[in-house]
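Record features (TrEMBL):
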{"type": "BINDING", "residues": "Arg63, Tyr165, Ser220, Ile221, Thr222, Thr259", "note": "pyridoxal 5'-phosphate binding site"}
{"type": "DISULFID", "residues": "Cys199-Cys257", "note": "disulfide bond"}
{"type": "MOD_RES", "residues": "Lys160", "note": "N6-(pyridoxal phosphate)lysine (covalent)"}
Amino acid sequence: MSQQENPKYLWWNHRIIPWEEATVHLTDYWWASVTAVFEGIRGYWNNAEGEMYIFRLEDHARRLEQSMQLIRMPKEFTVDEICQATIDLVRANDYRGDVYIMPLAYAVGNKAFSVVGDRTTEMFIYSRPAVSRLEEDFSLHACYSSWTRINERVLPPRIKALANYRNSQLASSEAAMNGYDTALFLNPEGKVAEGTGSCVFFVRKGKLITPDITSGILESITRDTVIHLAREVLGLEVEERVVDRTETYLADEAFLCGTHAEITPIASIDRHEMKHGAPGPITRQLRDIYREVVYGRDFRYRNWLTPVGMGVRAEQ
């Protein structure tokens, strides 16, 4: 299956169904998209073992549950069911390569801005091939957006909601029109927040620096992974704190991290070049360790991996 083809199956409301049967009425879709919360999850194909490993699946399912709780969506799907459904779907589609998986929950019923808790919760899980770029040397040129990052008083970044990504779309479009590859956000206090769909790290004087959770960022699972690997494997000092815009211009290295971004080096910010290049030596080390972990070749972190059991076919 190519990255452009639709998968054979998806999971919708407790069962696996053919792609073509996954339909909703337009009036349901309109308001469902306003309430929708989701996750982005990756599965990595270990060719030597003939196995797919889903990275930090339970953590993603718990964060989805957290997003549903915060918008007061009725709890109709458990963490265990979401995890098992994800495994069953990947088996059913019989992938033999890396995949991207998106569970999305939404409230149905054409009731405009009625209380979400008074509506019915539905969920689908979609998957598609998504080749990892962890073997590639590439980098992005970033800029700070004129659009301010959403915040706790407006649209809480802790909730991984579709609505929050309108903020990201505005910043991404602006960056592209101005000749940049991607954008970084400042929060309402003028401090560094995150990228348009990923967290950001900086290396300066041998320390790894990243904006803290209260700077207007998602509670990123990949960010948490990077912090663990930096401290436990590389022995780096990691600072989670408020970050000034101008100090990032003086960084030795910078990179984005997220499920989709994985670890993506930043070559420049507002045309200030990173002193140690992109990828710099620490970024490269972290990327290489991360690659070995997600593919199951570093046994120290196997607890983060959920094997799919590709030799076992799911029941449709």
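Quick reminder: no glycine exception, Cβ is built from N, Cα and C everywhere.
The record assigns Arg63, Tyr165, Ser220, Ile221, Thr222, Thr259 to the pyridoxal 5'-phosphate binding site, and the maximum Cα to Cα distance across that set is 18 Å. DSSP assigns Cys257 (disulfide bond) to a strand segment in the three-state reduction.
Contacts of the residue listed as 'N6-(pyridoxal phosphate)lysine (covalent)' defined by a Cβ separation under 8 A and a same-chain sequence distance of 6+ are given as Val37, Phe38, Glu39, Arg63, Leu64, Ser67, Leu218, in order along the sequence. Annotation for Cys257 (disulfide bond): same-chain Cβ neighbours under 8 Å, separated by at least 6 residues, are Ser198, Cys199, Val200, Phe201, Ser220, Thr222, Arg223, Thr225, Val226, Ile263, Thr264. All protein chains shown were included, and the count of other CB atoms within 10 Å of the CB of Tyr165 (pyridoxal 5'-phosphate binding site) stands at 16. DSSP assigns Cys199 (disulfide bond) to a strand in the three-state reduction. Under a cutoff of 8 A between CB atoms, and with a sequence separation of 6+ in the same chain, the neighbours of Ile221 (pyridoxal 5'-phosphate binding site) are Arg56, Asp59, His60, Arg63, Thr259. Look at Ser220 (pyridoxal 5'-phosphate binding site): DSSP puts it in coil.
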